[in-house]
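Trainee: Attaching a single structure in structure tokens format; questions to follow.
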Amino acid sequence: MTTRSGWVLVGGMLALAAAVGLGRFAFTPLLPVMQQDYGFGALGSSGLAASNNVGYLLGALWAGALRTDAGRHRLLNRGLGLLVVTLALMPVVPSPVIWNGLRLVGGIASAWVFVLASALVLPLLGSSGHARWSGLHFGGVGLGIILAGTVVGEVGTRLGSDAGWLASAVLAAGLALVAGPLLAGVHARAPAPPMAPPATPAPPLSFPLSFLAAAYFCEGLGYIVTGTFLVEIVRATPGLAGFANLSWVLVGVAALPSALVWSFLAERRGYVTVLVAGHLIQATGMILPVLSGHWALVLAGAVLFGGTFLGIVGMTLAFGRLVNPGHAARVMGILTAAFGIGQILGPVLAAGLAGWGGWSLALGMASMVVGLGAGLLLAGHGLAHRRNVEARRNPRGKPDAPRAFF
């Protein structure tokens, strides 16, 4: 890897560590401390999570509409700055209304940084022949989660949630100050090498996009329950309070290399096979704390969860581009909306179930929903196979190339 590509990759990792690992997921280890400090329950915490996820969906759609490098860089830098400000303001006014507003704006800023940093880093890696390292870029989320669990979580536990939010703002500011200059001047679409042959567009696949979007909705709804409430659940489990922050650190450690590993497997075993495996492994990890309150199973569940959620996101988006390469932007918009809506609904449904039947019921629901996503992927694969068989039997009645269909 060239020196320039390497430093740009570092910049992308640090930007994602700030935007997602801290901007979105510092909330997870701080949530039980906030509940203790300010006396609100699962319903109030689900509202804060939902506000952040609404903001993230809006920000992702906003950033995806930009078409110029100048606009991308400008919004990326604004997102980094706004992210730090929203984190720093959380302890200033202890009001649920203000908190929800800050989490909404913080979600928008996080999405700006995630989408735009990826739009700058990934094409550069691809054009320089280093596309296989793209998974490390997304590993920046894991790095941020590690910081959230080690620094932010410990500061919050010892000094209170207000100090924890300030610690997250300081960390995010440090990461942003390094990431911004490293990404400056990077073009979203690098020019092709001289004399490069024109690229031949890949034929579309016959996998039904509706099934892929439905599975991605299930992933968004299910994963966010553990992604929001894991530390609170572990802390509330008798005898496991001392493992609460460690569980979140292990999520980050497992997430750091996961996107790289899963993309490697998908290229060799096929996207549907590996996506189904990822969903089932994640569903297993999410249900382990329900099956036993033993610390080893709880921490193993954290590792299985952390080792899958980024991989599923990356593989789903990559597979979506293959399903209909001629309309990649439309496909990305559909998938982003499906995932985002799932993320918004997940915390609210989980909080309602937890209030009625405890966290075991909420985790059971989330695990089943993620497992349902695996079933939808298998059903879509079977439907695509039948259509391909029919097309071969009656080639004149079908288009020359199979298409993505709803």
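Glycine is treated like the rest: Cβ placed from N, Cα and C.
Quick paste from TrEMBL:
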type	residues	note
TRANSMEM	7-27	transmembrane segment
DOMAIN	7-383	domain 'Major facilitator superfamily (MFS) profile'
TRANSMEM	39-63	transmembrane segment
TRANSMEM	75-93	transmembrane segment
TRANSMEM	105-126	transmembrane segment
TRANSMEM	133-153	transmembrane segment
TRANSMEM	165-184	transmembrane segment
TRANSMEM	205-226	transmembrane segment
TRANSMEM	246-265	transmembrane segment
TRANSMEM	272-291	transmembrane segment
TRANSMEM	297-319	transmembrane segment
TRANSMEM	331-356	transmembrane segment
TRANSMEM	362-384	transmembrane segment
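I'm curious about the neighbourhood of these features; can you describe it?
Mentor: Distant neighbours of the transmembrane segment (7-27): 1, 48-49, 52, 56, 76, 79-80, 83-84, 86-87, 103, 106-107, 109-114, 117-118, 120-121, 124-125, 130, 133, 136-148, 152, 164-165, 168, 171-172, 175-176, 178-183, 186, 227-228, 248, 252; these residues of the same chain sit at least 6 beyond its ends, with a Cβ under 8 Å from one of its Cβ atoms.
The average pLDDT for the domain 'Major facilitator superfamily (MFS) profile' (7-383) in the predicted structure is 91.
Panel annotation: around the transmembrane segment (39-63), residues 24, 27, 31, 72, 75, 79, 96, 99-101, 103-112, 114-116, 119, 224, 228-229, 232, 333, 336-337, 340-341, 343-348, 350-352, 354-355 of the same chain, lying at least six beyond its termini, place a Cβ under 8 Å from a Cβ of the stretch.
If you look at the transmembrane segment (105-126), the same-chain residues 6 or more away from its ends with a CB under 8 A from one of its CBs are 5, 8-9, 11-12, 15-16, 18-20, 23-24, 51-60, 62-64, 66, 72-73, 75-76, 78-80, 82-83, 86-87, 133-134, 137-138, 179, 183, 186-190.
Cβ atoms under 8 Å from those of the transmembrane segment (165-184) belong to residues 7-8, 10-12, 14-15, 17-18, 22-23, 26, 30, 73, 76-77, 80-81, 83-85, 87-88, 90-91, 117, 120-121, 144, 147-148, 151-152, 155-156 of the same chain, restricted to positions at least 6 beyond its ends.
Counting same-chain residues at least six beyond the ends of the transmembrane segment (205-226), those with a Cβ under 8 angstroms from any Cβ of the stretch are 49, 53, 272, 275, 279, 282-283, 285-286, 305, 309, 312-313, 316, 319-320, 322-324, 331, 334-335, 338-343, 345-347, 349-350, 362-363, 365-370, 372-374, 376-377, 379-381, 383-384, 387-388, 391, 402-406.
Beyond the ends of the transmembrane segment (246-265), by six or more residues, the same chain brings 21, 25, 28-29, 132-139, 141-150, 153, 230-231, 234, 274, 278, 298-299, 302-315, 318 to within a C-beta distance below 8 angstroms of the stretch.
The list of residues near the transmembrane segment (272-291) in space but at least 6 beyond its ends in sequence, with Cβ under 8 angstroms from a Cβ of it, reads 207, 215, 219, 222-223, 225-226, 233-234, 237, 262, 265-266, 297-298, 300-305, 307-309, 311-312, 315-316, 319, 360, 363-364, 366-368, 370-371, 373-374, 377-378, 380-381.
Listed by sequence, the residues of this chain that lie at least six past the ends of the transmembrane segment (297-319) yet keep a Cβ under 8 A from its Cβ atoms are 135, 138-139, 141-142, 145, 207, 212, 215-216, 219, 223, 226-227, 230, 234, 237, 240, 243, 246-248, 250-255, 258-259, 261-263, 266, 271-272, 274-275, 278-279, 281-282, 284-289, 291, 332, 335, 339.
Through the fold, the transmembrane segment (331-356) approaches residues 41-43, 45-47, 49-50, 53-54, 56-57, 60-61, 64, 209, 212-214, 216-225, 228-229, 313, 316-317, 320-321, 323-324, 362-363, 365-366, 404 of its own chain, all at least 6 residues removed from its boundaries and within a Cβ separation under 8 Å.
Long-range contacts of the transmembrane segment (362-384) within its own chain (CB-CB distance under 8 A, at least 6 residues past either end) are made by residues 205-208, 210-212, 214-219, 221-223, 225-226, 229, 233, 272, 275-276, 279-280, 282-284, 286-287, 289-290, 346, 349-351, 353-354, 402.
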Trainee: How about long-range neighbours of the transmembrane segment (133-153): same chain, 6 or more residues beyond its ends, C-beta under 8 Å?
Mentor: 1, 9, 12-23, 25-26, 28-30, 117-118, 121-122, 125-126, 164, 167-168, 171, 175, 231, 244-264, 306, 310, 313-314
Trainee: Which residues of the chain, 6 or more past the ends of the transmembrane segment (75-93), have a CB below 8 A from one of its CBs?
Mentor: 15, 18-19, 22-23, 26, 59, 63, 66, 99, 102-103, 105-106, 108-113, 116-117, 120, 161-163, 165-166, 168-169, 172-173, 176, 179-180, 183
